[in-house]
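**Q** Below you'll find the structure I mean.
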C-alpha cells in the first residue's frame, strides 16, 4: 500500500485482542487534576472581583483592553452588521432548528392512577440560562443558534450569552445578531473558565443563571463541572462536552471523498479531536482511495496543522462485518456517527450509543452542525452511553402534582400507612390517619 504524508493508522479487528481494542478506542487522556488547579483560582477570582476580573483576563488572554465586560440589550445595530447572504443563511438555520425543537414540546399529562387519585406532570421553562459560545480557534455562530433557539422555544425568560471578544475587542456581529434574534438580555465578553464563573455566580448587572449550556475546551468543561458541584452556585449544566469526535462506518458502496471529508470536518475542530473509521469488507483499492483522500484534503485545508495533530490520536479499523462495526461503535459511543452503508437507514436499530447519527451518503455531519434542525451540542468522551444531546427538554424542568379526593385517600391510604410503618416513618402514616383513614 502507498505511504502518504498524512495517514491514519490502520488495524484489522480480527488480529486484535480485547485489550488492544480497548486501547484503540480510548480517548486522549487529559490530566484532570492539573486542569482543576488552573481553573479553580480563576473561578474564585471571578467570584470575589466580578467584572473587574473579566476585564483583567481579557487583557491577559485576548490582549484586549475592555472598558466593560458586558453588552446589554438592546444591542446597537452597528454591532450586527452582516452581509445579506449570511443573514439569510442564519435565518434559514434558525427556522429549521426552531421547527425541530418546537416539535419536542410536550403537553401536560394527567393520569388517574386509581379512582380518586389524579397525577399530573407539567413543564416550566428554566428562569435564567447562560449560553457559552466558544471563540478560541473559530467564530461559532452556529453554537449560538443551537443553544439560543431551544431556549427561545422553551420560553426561558432570561437568556445570557458569554463569548470571548475578538482581537479588536468586539464580538462577532453574527453572534450579536443571533443574540438579538433569540431575545438575549446581555452578552458577557469573556471566554474560558472565567466566563463559566461569571454566569454561575453573577457579576454586576448580570445576575447568576440557573443552568449553563455550551461546549468548550478542557478548561471550560472543568469549570462547568466545578460550579455544578458547588452548592454555593446552585447551577446545573447541560452535559460534560469535551473534544469533538466522529466515528464513520463505511462499506464498498461509499464515496471515498465523502468519507474523508466527514472525518476531517471533525478533526479540524481542535488538537484534541479524534476520528475513527470502521471499514466493512473494503477492497484494498477502496481502502487506499480513502487514505489518499484523507491525505490530499488534509494538506490543502486551512486548518491542516490541527488536523495533523488530531490524526495522531485517530484510527482506522477493518472489521469483519456490519454487526462487528456496530459492536465497536456502541462500545465507543461517538459524538457523531456517520453511516456510509448500503441501505444505511436499515441499521439504525443497531445503534445504542451515539450523540447524533448521519444516515446515508447525502447526510454529512456538517448539515447537523449548522442547519438541518438537530442540535450539535452533543455528549463526547463516551458520555453518549448515559447522556443525550441538548434539546428543548434541556431548557425545561418538570413538576408533578397529585390530587386525591376523599374517596381516593380512603382507597389508597391503608397501603400508604402500612408502607410508612414498614419504613419506621410514623409521621408519614399519621398524616394519612389524621384524614380519617383507618386500616
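Glycine residues also receive a Cβ, built from the backbone N, Cα and C atoms like all the rest.
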**Q** If I go by Swiss-Prot, which of 244, 391, 394 binds substrate at the same site as 266, 269, 336, 369, 423, 428?
**A** 244
**Q** Using DSSP and collapsing to three states, where does residue 132 (NAD(+) binding site) fall: helix, strand or coil?
**A** strand
**Q** Can you give me the Cα-Cα distance between residue 369 (substrate binding site) and residue 336 (active site, proton acceptor) in Å, rounded to a whole number?
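**A** Rounded to the nearest whole number, the Cα-Cα distance is 10 Å.
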**Q** I'd like the Cβ neighbour count for residue 336 (active site, proton acceptor), meaning other Cβ atoms within 10 Å of its Cβ, all protein chains included.
**A** 26
**Q** I need the most crowded of these recorded positions: 335, 423. Count other C-beta atoms within 10 angstroms of each C-beta and give me the top one.
**A** 335
**Q** Can you check what DSSP calls residue 423 (substrate binding site), collapsed to helix, strand or coil?
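**A** The residue in question, residue 423 (substrate binding site), is coil (DSSP, three-state).
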